[in-house]
Amino acid sequence: MKIAVLVAPAVHPVSGRPCAGEADLAALALAQRLSSQVDVWYAGAADDAALADYLARGADNIHSLSLSPGSDVLAALCSVLQGVDMVLCGARAGGGDGSGLLPYQLAEQLGRALLPDVLDLSKSDQQWQALQALPKGVRRTLAAKLPLVASVHARAASAVGWSYARLQQGKIQRKAATGAALPQVVLEPARRARALVAASKVSGHARMQGAIAGGEGKSAGIVVKQGDSVEKAQVVLDYLRQHQLVDF
Amino acid sequence: MSFSLAHALTGLFWLGALLLLGGLARRASLWQQGRSASVSWLGLLAMPKRYFVDIHHVVAREPAVARAHVAAAGGGVAILLLSALNYGLMLYQGWLDVLLVLMAALMLLGARMMQARRLQAPPRLSQGRWQVLPARLRLFALGSLLAAGLLFAGPQLGMAGQLIAVVALLMLALGGAELALGIGLGWPMKHAVAGLLHLAFHPRAERFAAKSSDLKPLNLAAGELGVAKVEDFAWNRLLSFDACVQCGKCEAACPAYAAGQPLNPKKLIQDMVAAQSRGTDPAYAGNPHPGREAAVMVQPGEDIVGSVLAAETLWSCTTCRACVENCPMLIEHVDTVVNLRRHVTLSRGEVPGKGSEALANLRNTDTVGGYPLAVRYHWAIDLDLPLLQPGEQTEWLLLAGEGAFDMRYQRALRALVKVLKAAGVKVAVLGAAERDCGDVARRLGDEAGFQRLAQANIATLAQYRFARIVTPDPHVFHCLANEYPALGGQFEVWHHSKLLEHLLARRAIPLKADATPLPPLTFHDPCYLGRYNDGYHAPRNVLKGIGIKVVEMPRSGRDARCCGWGGGAAFTDIPGQRRIPDMRMDDIRETGTGRVAVACPNCTAMLEGVVGERADVIELAELVAERLA
Ligand code: SF4
Ligand code: SF4
């Protein structure tokens, strides 16, 4: 199976220096776990030094499509990704102006399914199953057939450590490419956010009292003052079980 | 009969000499697996001085053992030399026999003393063949005594005399086998031959001229990436492993071993011996790496880390140099640890725990903790500390180091600046232009990262004009003073303890006049100030200068126990039975002073990080600042 991984330099949040993006690194690690035929692609105007981190962290060879600054990378990437079974990229570029749109645009242009924000991919029957990361730790399983595009979540495992030897051996091959102009950005005035209205106007202290006092039968709170620590813990555990907040 | 006994001795002597030479040739072929190294043959001439002066410095710390060794080894060598003359060269002189008898008696005495010690051997000593060595040496000495005695007694031997002669020859053959075969078969007496050659061709020969504790730079451009296999060691490094006498002094001194982390420096050296001899030497009979099996699987051609040596063993080391300081054979453990780490870090990129994060921070932000460079001197915002501009001049340049990002240590830095100002010292800082010195990168094996930082710092410092650098961080001090010169950076660097000592001696610091005696405290020596730079006196003189009595811990000065931070060990954080700083806090508690003075940001952090009841941890500069008038 031929996999293409798309990478781009990230901006370090403290120093502003170019470095590898977490999501792109995770995509690289995932690709190397799945296949031995992995090609790494970059499109844009960054110089080789900005891509060095990817060499040091496992990419033997990066194909760099040199575009002039400010051009759209979509067309250039699509032209080299046609024959590839699986395209993996970070869900969004690390730092900078990344809109996170690229995976969607790629899937649309290449006419493939997109598995967004995946943590892991595994094969079952003829399909590829993805474990998708949703906010607040929620996980969901998606599936699609090859060829496909998957964007990898920044929290997916990136196992390969940074190695000076790999940095020295790695190569960046520049290829000339033509980028299209970025589509015109339409700026709209921001819509005013609706002000939040509190459900009740009582103070925080009063609400806390309401939650724990429970004397007037107003809330379900219990205050446990009797018993030793084990009995008290049992009450908490029962409560958590009752509300299915723990499952043991 | 006496004629034939003499001839038998001649035969025995030459047989032994041949076996020894053959064994040496075999061992030398093992050393030849290593890389070439630039060594001076003049080392052979320097050998006696190195033996009698440098080794003596270490051995004399245990006088009883030293005396036993002088008697056994001195007697033994004398016997060999006299036999070479009298029997090897067939002089057969009676007066030489008299000398032989005397020397044999001396050796007998020495071997006897060693045997007595072996009866209650401390657990750090290896057992196995080492345990029976004194008995073998006694046999040899006794055989010599009898044979020489018989020969001196005269040519006519009765029945009894002949019988004794046969017994003496047997003893000589049995005991002498230990001497003749040791080097070839990796038996204990290997140490005599390898040890002497090690002295002559020591991989760090400069240590015989002056203190030498710097790590040597790798030639990255030439593709040097540390030691992966036996062949990547220099040949004289392989030789140095063979000098080990398995005395376990390194083991007894090692903080990681005491903490139950999987590192025993003695075993580490023996693992290297096993790797180079491909497991043909007798099995190791000492304490293992804590929590590990003693037996190792030697797979020729395999990388050392992952076959004979577990990576955790390597990452447990705090590079505290306690082992090097105590080794009577002058073996340099830290060089080997770092050389092996370099391969794991540079080639494999496998740094455990928070180590890889620290290295990434250094690459991306030039600080270990990932801080913006611009905030390094925020603690000094109200202190009116001049920011040195390129081209401007100052007498002292203060490098605060990584401690400047730690809120606790900022108090110490403020105290230092206050004291320097009170003493009228002209001091300035670099502000955001100061990068990390590269200590953590280098000790974690990231030589490329170290060289990048060092070169950047050297280039930065070249733009400024200052007379001297002062820093409270012993790691910054050690790097700049001892490791930057190899990369072309020559600076005069002082640790702040030395500057404070100097100022106090000149009465430049205005101190409170009141004579209320201050409560005593104890002092914790930072490894990188003490063992790395012999900076034992300056901090103690500072404490004396401000009228504080120091109650020494039993492990202090040269024998001080590491706080557990060095060598990036606080980042790799290999689990053990205990934490090293907890053990050090026990040492401090035992002094009963309830307070400990420190002189390093990392010791401060490690000792303050001890949970539960603990002594107050106070920086040297803070103590001086308290006494300011
Ligand atoms: S390395 Fe040195 S201190 Fe350690 S056991 Fe060997 S000779 Fe003794
Ligand atoms: S340097 Fe310190 S921690 Fe490392 S092996 Fe030697 S004694 Fe142990």
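Note: Cβ is positioned from N, Cα and C throughout, glycine not excepted.
Small disclaimer: the values here were computed from a predicted structure and weren't measured.
Among the features that TrEMBL reports, domain '4Fe-4S ferredoxin-type' is placed at B:235-264. Taken from TrEMBL, the feature transmembrane segment applies to B:65-89, B:95-114, B:135-153, B:159-181.
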Same-chain residues at least 6 beyond the ends of the transmembrane segment (B:159-181) whose Cβ lies under 8 Å from its Cβ atoms: 1, 5, 8-9, 12, 15-17, 19-20, 23, 76, 80, 133, 136-144, 146-147, 150, 153, 187-189, 192
Beyond the flanks of the transmembrane segment (B:65-89) by 6 or more, those residues with Cβ under 8 Å of it: 6, 9-10, 12-14, 17, 56, 59, 96-97, 99-100, 103-111, 113-114, 117, 134, 137, 140-141, 144, 179, 192
Sequence-remote partners of the domain '4Fe-4S ferredoxin-type' (B:235-264) [C-beta within less than 8 Å, at least six residues beyond its ends]: 27, 30-37, 39, 122-126, 130, 186, 188, 190-191, 194-195, 197-198, 201-203, 270, 272-273, 276, 286-292, 310, 312-314, 316-318, 320, 322-333, 335-336, 339, 559, 561-562, 564, 569, 574-580, 583-584
Composition by DSSP (helix, strand, coil) of residues within the domain '4Fe-4S ferredoxin-type' (B:235-264): 17 helix, 0 strand, 13 coil
Mean of the pLDDT scores, which run from 0 to 100, over the domain '4Fe-4S ferredoxin-type' (B:235-264): 97
